[in-house]
């Protein structure tokens, strides 16, 4: 029975990898010796249906690529072997896996009693199989009744169990089955931090929990670039366009079968009314599925010109179909988990996935009790594009799982240990084999430089990359993508888990859409630019964009002197002048995203020209560009350099030369700086009189040169009621980068409608 075909399809994983277990490198050799003279680990993977195979297949491929460490046995049972559900065992054979054992375990009937009888039939048949295979460890996935039979058999026969996707919360009887398998399993691979926390709160041994992400994401995140139109045409017809069709997948809710059938009927009515081409997949084998199929046939779905009804779609093709759909609707876990990787809009109906973590692409219709409500949801969601979500994985799950398997010591006692820690004391970073740092990619688009940084949750800049900001749109977008891809790859080596990308840029920004509406003249070809979509599509990460002044304020709120302050204002002095306003702990954007353009407060009616087209703005006096302009004038008149100063011929005269000259006693340079500081001080006085904040933070390279003049102007010009307001210099080195990172690090992924 044990044959091993050659591997026709290799799947490699770059390493050194981003997760290491405590003492794993020093103990791996000892573990293998204890396991019996470097004996291979015999792994049995049991798959019950098309859904669990999509999660198990990447692990199986990974195991097969390391024959020096593992022997793989594949057991197939459940609906894989039933014609009505597509005989999906064939796709396992097509993937070049030898199926060691096929077990017919399903008692037909598709009701509650049939589910119980199927579990009993599996329990009768499995002992002979496990006695023959004698696996060291069995890998079981998810929350199906078939999986419960597998886990029960293995646990009673003293076979170690590795459970995939434990700790999650969805709804229906699945929750009870999933948690029951958790109690039977010896090792746990979970997909999200919340699931990890749930396992800890369920008293599972911390050392036997691995936060790896979902294995299916290893394939998902590289899938969207493949040729997809031929797949769409094959399943939906030659006349269907990308993003102009719907994928529907709805299963019975076993704890309320009657209502779920009614809800399915309403869904089909809404889809008929919506009048878009729709691919409908048959429901799974749970109790109630037979009645749902009757509803499909009663409404003529299999013969309706707008519908294609199918029993099964191969996973590789299904990925392409949902990635390029205008919407997915139903109650499958695939909708709230895998589809988030593409930003495809999803409508999740009813209670079957009520507890799942979801990205912002999911619209929940909890009480799907009318056709109109479902129809309205379709109108809201169809054709939208959301940021890619990596809640359930980052594409590196399989390498982590293989390392976890290699770390298992078969000489350790089989008896499970249970831990009883207070849940609050056991955040994910307390798991001793998890060494990753939650981080963000931060991008700062300045007037001169383009910078990308990896920023940790504590505000530490782990690594920073700097390039000159290109002059054209094409060059700039290309460079941003290149730098972010390189930084994301480096993050893996630095054990940083990137949660998303935050972008700080000059100009007016719509943060809701991730679009630069209008830029300053400092950044050319930068109007009506969608930054979110290209970055999200390339990195498969959520992306946030905001104005650089707003980012500076957010940096102060999270990491700087604004921490804990209810109301404060930040003024950032650099190539230009920007600002941000925090009111009642929230950032103010304004009705047209133009709030806090503090650099363009007018302080003189006949002042110098400003880059905005006006005259006498703070920026026209106090920005780096303004000081550079004045420095050049002095230099051209031979009035800049004093004793102890020189400017090399190949070096452009700038603001720093003016500041140096002022420090060395140049009276004209001192006068220019005093005028610039006074202009900035008058702007601050206007802010104090308008906003009445409790704190003003001057940020940027010029802040320390202006602070004393600004305070003098406040004492001379401000109302007595605001003269005691603190004005301080920021102690943050890179406020724009830290502010961009804070948008990511403060984000909550759950969105309920």
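Using the three backbone atoms N, Cα and C, a Cβ is placed for every residue, glycine included.
Automatic, uncurated: that is what TrEMBL annotation is.
Features reported for this protein in TrEMBL:
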- 69-406: domain 'UDP-N-acetylglucosamine 2-epimerase' (DOMAIN)
- 508, 520, 548, 597, 600, 619: N-acyl-D-mannosamine binding site (BINDING)
- 548: active site (ACT_SITE)
- 600, 610, 612, 617: Zn(2+) binding site (BINDING)
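A map of TrEMBL features onto the structure.
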| residue | record | Cβ within 10 Å |
| --- | --- | --- |
| 508 | N-acyl-D-mannosamine binding site | 20 |
| 520 | N-acyl-D-mannosamine binding site | 23 |
| 548 | N-acyl-D-mannosamine binding site | 30 |
| 597 | N-acyl-D-mannosamine binding site | 20 |
| 600 | N-acyl-D-mannosamine binding site | 22 |
| 610 | Zn(2+) binding site | 23 |
| 612 | Zn(2+) binding site | 15 |
| 617 | Zn(2+) binding site | 29 |
| 619 | N-acyl-D-mannosamine binding site | 28 |
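On the backbone, the CA of residue 619 (N-acyl-D-mannosamine binding site) and the CA of residue 612 (Zn(2+) binding site) stand 9 Å apart. Within the model, the domain 'UDP-N-acetylglucosamine 2-epimerase' (69-406) shows a mean pLDDT value of 89, rounded to a whole number. Using a 10 Å Cα-Cα cut-off around residue 612 (Zn(2+) binding site), the binding-site residues 520, 548, 597 reduce to 520. The separation of residue 520 (N-acyl-D-mannosamine binding site) from residue 617 (Zn(2+) binding site), Cα to Cα, is 14 Å. Residues 508, 520, 548, 597, 600, 619 make up the record's N-acyl-D-mannosamine site, and a Cβ search at 8 Å around their centroid adds 506, 507, 547, 549, 576, 577, 578, 599, 612 from the same chain. Other residues of the chain with a Cβ within 8 Å of the Cβ centroid of 600, 610, 612, 617, the Zn(2+) site, are 599, 602, 611, 613, 614, 618, 619, 620. Note: the CA-CA distance between residue 548 (N-acyl-D-mannosamine binding site) and residue 610 (Zn(2+) binding site) rounds to 18 Å. Counting only the Cα atoms, the space from residue 520 (N-acyl-D-mannosamine binding site) to residue 610 (Zn(2+) binding site) is about 11 angstrom.
Across the residues annotated as binding N-acyl-D-mannosamine (508, 520, 548, 597, 600, 619), the two Cα atoms farthest apart lie 16 Å from each other.
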